[in-house]
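Visitor: Take a look at the following structure, please.
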């Protein structure tokens, strides 16, 4: 689950992570009123959407007067902001964050992530702040420093200090940077985050260490113990199909292609998408029905896939372990009849009760194209979509 920058900064502020003063606003008039509450002559007007790259896309403006605050607010509110993370359709700006300006001395990057190679939380930092960390990693990886954190001990002060020295935090600010990083680690752990990222972290002319941005992602599996975080969810920022999928415990992520995919298991889903790409197709989604799919679940999965107007065909790739192929087959037949599917459909079944499942599909009388392997299924659906 993601939240807005202003919400992330409220969490930071409540847990001892230093941030500039700021206020959220939903209208241009409110933006001016909120700016008046700040003790500043310079204001930063920030579009609030669930996407990075806002600055490059024109979503962050520096205002030197209240009239400029109003001008920028009118310019941004209601705008479709297009960044490298939104896709070409962009996202509508419905709220702004009005923040006091800072005397920035230097910008840095800091973030806590879970390193899958070590299975531990890792602190990443760089003195190349204000730019995409992916670019830094690709072009100058030597400028990224890491500290692997022992989960029993937590982030040690000496690790935080070492990072501060490595990224050339001014000596007079190292103490504040150390305190900042320790507090930030506490946010990551206490709030069950999957990512906490600040880009940029800045040092100021008067020696402060501040978070000018706040990106927090939360582990969905831990939200049951964070009712306060759940209340911050902005459904308007999420794909309606992903919201609908979550109601049925389906993992759905929309993509840009035209071949709908229904698979059980994240690994098989990724392999399926790679195979479709290999044979010249483009997946329209990642959809994992999980290990306990029922007829109802399969039907809802079809409805969600077909909710994407770009879908021109569907590939169902199921390996029945816990899940039985005959149950999936019954669900597919019921779903095809209910949604009155007219698009090409290729189904590959393997595993428990596979022969019974194949028989159900064959005897249904429906236009379902069988496939013996994942590669054969991918080739068939790519061909059918191109011929359609």
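Glycine is no exception: its Cβ is also placed from the backbone N, Cα and C atoms.
Pulled the feature table from Swiss-Prot, pasting it below:
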{"type": "BINDING", "residues": "46, 53, 54, 55, 99, 102, 107", "note": "ATP binding site"}
{"type": "BINDING", "residues": "199, 213", "note": "Mg(2+) binding site"}
{"type": "BINDING", "residues": "264, 321, 322, 323", "note": "substrate binding site"}
{"type": "DOMAIN", "residues": "9-244", "note": "domain 'ATP-grasp'"}
Visitor: Can you list the residues of the same chain, besides 264, 321, 322, 323, whose Cβ falls within 8 Å of the substrate site's Cβ centroid?
Guide: 265, 290, 291, 292, 293, 318, 319, 320, 324, 351, 352
Visitor: In Å, how long is the longest CA to CA span across 264, 321, 322, 323, which the record gives as the substrate binders?
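Guide: With 264, 321, 322, 323 as the binding residues for substrate, the largest Cα distance is 10 Å.
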Visitor: Sequence gap of 6 or more, Cβ distance under 8 Å: name the residues on the same chain that satisfy this around residue 213 (Mg(2+) binding site), in order along the sequence.
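Guide: Result: 5, 197, 198, 199, 200.
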Visitor: Can you give me the average pLDDT across the domain 'ATP-grasp' (9-244), rounded to a whole number?
Guide: 94
Visitor: For each of 99, 107, count the other CB atoms within 10 A of its CB; which of these binding-site residues has the top count?
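Guide: Comparing the binding-site residues 99, 107, the most crowded Cβ belongs to 99.
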Visitor: Assuming the binding residues for ATP are exactly those in the record, 46, 53, 54, 55, 99, 102, 107, what is the maximum CA-CA distance in angstrom, rounded?
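Guide: Maximum Cα-Cα distance: 20 Å.
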Visitor: Drop a 10 Å sphere on every Cβ of the binding-site residues 102, 322, 323 and tell me which sphere holds the fewest other Cβ atoms.
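Guide: With the binding-site residues 102, 322, 323, fewest surrounding Cβ atoms within 10 Å: 322.
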Visitor: Taking the Cα atoms as reference points, how far is residue 55 (ATP binding site) from residue 264 (substrate binding site) in Å?
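Guide: Taking the Cα atoms only, residue 55 (ATP binding site) lies 39 Å from residue 264 (substrate binding site).
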Visitor: Determine, to the nearest whole angstrom, how far the Cα atom of residue 102 (ATP binding site) is from the Cα atom of residue 322 (substrate binding site).
Guide: 57
Visitor: On a simple 10 Å Cβ count over all chains shown, which one of the binding-site residues 55, 321 is most densely packed?
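Guide: Result of the Cβ crowding comparison: 55.
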Visitor: Which one is it: of the binding-site residues 46, 53, 54, 99, whose Cα lies the shortest distance from the Cα of residue 321 (substrate binding site)?
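Guide: Result: the closest of the binding-site residues to residue 321 (substrate binding site) is 53.
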Visitor: DSSP three-state call for residue 107 (ATP binding site): helix, strand or coil?
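Guide: The residue in question, residue 107 (ATP binding site), is strand (DSSP, three-state).
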Visitor: Tell me, which binding-site residues from 264, 322, 323 are within 10 Å of residue 107 (ATP binding site) if we use the C-alpha atoms?
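Guide: Of everything listed, nothing lies within 10 Å of residue 107 (ATP binding site) (Cα to Cα).
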Visitor: When you measure from the Cβ of residue 46 (ATP binding site), which residues in the chain that are at least 6 apart have a Cβ under 8 Å away?
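Guide: Residues satisfying the criterion: 5, 54, 59, 60, 61, 96, 97, 98, 99.
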